[in-house]
């Protein structure tokens with residue numbers, strides 16, 4: 001029995017490792033070929049490079065305007081997520097504590113908005129924001145609040161319900177205002193769900209291509225946007241394109257490496273609720 | 001907090017304002033203009049339902065609908081089978097479990113655009129190299145035909161989302177009580193019996209979540225489509241989201257594109273509502 005179990009486990013491990021290798025193979029091909037010369041890629045795609053070259057990365061770094069793109073991505077993502085967290089948690093708190101029909105109706109409106117796909121509002125949205133000269137970084141951040149608030153409010157709403165109202169009432173008797181109660185007592189207790197909201201929104205906003213491509217001009221382009229222009233320039237030159245792609249992925253993989261447990265938990269909590 | 005409290009309104013105002021300005025107002029505004037000859041700036045004539053009639057006569061749009069539906073069906077089946085398989089694999093007691101989970105989930109952190117470009121290289125150069133090495137003809141010339149473009153999109157989508165769906169199945173699998181499985185094992189139930197008879201029924205609610213997610217993902221797919229095939233060859237792998245984009249921003253037929261966008265909304269919303277309703281009903285029946 002024991003022997004049989006051990007063998008079973010060994011086979012499982014072998015199967016697991018094989019699938020993992022298949023899963024990673026696209027990244028392997030991307031990375032090894034990013035270090036090859038154009039000629040070397042043409043000759044052998046699968047093997048390791050004959051001579052490692054960093055020239056591709058140097059060129060890609062310059063052509064991607066990488067530091068600038070990274071800064072733009074950081075500005076957009078950090079500001080959007082900050083305002084999504086602040087305003088969604090506040091709204092969810094108020095909607096959850098107010099038991100009236102009107103409040104329930106407003107909550108339902110937020111949830112229902114999740115049914116509207118982006119492409120269904122994209123054209124008029126761009127037209128309207130263009131008319132008021134808001135097709136820029138601040139306009140984009142505001143749009144992210146609009147698109148991101150639904151799911152975030154939904155998640156926060158569930159979490160606030162789990163916090164007893166007696167806490168609010170006790171603070172109220174002590175003369176605390178709603179503002180103080182929320183930020184001093186309630187918000188700190190929402191930390192786990194804030195993590196989830198943050199992770200889900202970071203993954204979405206950091207990687208978003210379509211919305212920024214309609215809103216931002218070249219100088220303010222985020223990483224995915226810049227990547228698109230860059231790739232268009234180098235369609236037949238895989239050595240440069242692959243080096244650029246590798247560069248673009250590095251920040252994400254670094255963060256994943258340090259926070260993978262939180263990220264996977266956040267995604268699971270967000271999807272299941 | 002009641003409706004009369006000013007603090008209630010102040011707390012919800014910023015989010016409600018953003019949602020209204022970004023989602024609801026454009027949606028209604030766009031809907032109104034689908035009945036006109038709107039060009040993105042102005043409209044001169046009222047057309048009634050003319051745009052909508054044209055939508056269903058537009059072959060480019062109906063082709064995109066069929067392509068998207070075919071893609072959605074194949075993707076849903078494969079993503080869920082493989083996602084569930086991976087979840088079962090990494091919930092066995094193995095030392096490398098966490099490592100495997102991390103690897104399978106990884107593609108989801110990277111944007112669809114970047115993944116699409118990476119896979120373009122894999123299909124065009126990687127597949128080609130393996131095909132020449134092993135003398136397999138079907139691995140050569142990928143993405144050059146509608147057929148290989150379709151399967152290219154499916155493979156990319158399965159590779160990306162299976163790890164995501166895996167995470168959902170894992171959280172349900174882990175809620176299966178350990179004592180139940182042990183008791184069954186003592187009673188002589190095999191690995192397969194334990195899976196089909198105990199785990200599978202208890203994991204049923206996960207299907208609601210997973211099917212819904214894969215389906216709406218498949219319908220809204222844009223970045224991967226753009227980066228991998230860009231609709232080619234000759235627009236034959238253009239999915240719904242891309243077809244709408246092209247009508248608006250390449251052909252500048254704004255009112256027409258918005259009419260397609262409204263039909264798109266009805267499709268996506270109908271699928272979502274039906275699915276949630278159907279799954280809730282089935283869960284209760286069980």
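Glycine residues also receive a Cβ, built from the backbone N, Cα and C atoms like all the rest.
Noted in TrEMBL for the protein shown:
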type     : residues  : note
TRANSMEM : A:12-35   : transmembrane segment
DOMAIN   : A:70-259  : domain 'ABC transmembrane type-1'
TRANSMEM : A:74-95   : transmembrane segment
TRANSMEM : A:107-129 : transmembrane segment
TRANSMEM : A:141-160 : transmembrane segment
TRANSMEM : A:181-206 : transmembrane segment
TRANSMEM : A:238-259 : transmembrane segment
Annotated stretches the transmembrane segment (A:238-259) and the transmembrane segment (A:12-35) touching (3 or more Cβ pairs under 8 Å): yes
State the non-local partners of the transmembrane segment (A:141-160) in its own chain: residues 6+ outside its ends, Cβ under 8 Å from one of its Cβ atoms. 76, 79-80, 83-85, 87-89, 91-93, 95-97, 107, 110-111, 113-114, 118, 125, 129, 134, 186, 190, 192-193, 196-197, 200-201, 204-205, 211, 215, 270, 273
Sequence-remote partners of the transmembrane segment (A:74-95) [C-beta within less than 8 Å, at least six residues beyond its ends]: 103, 106-107, 110, 137, 140-141, 144-145, 148-149, 152-157, 159-160, 182, 186-187, 190, 194, 197-198, 201-202, 205-206, 212, 222
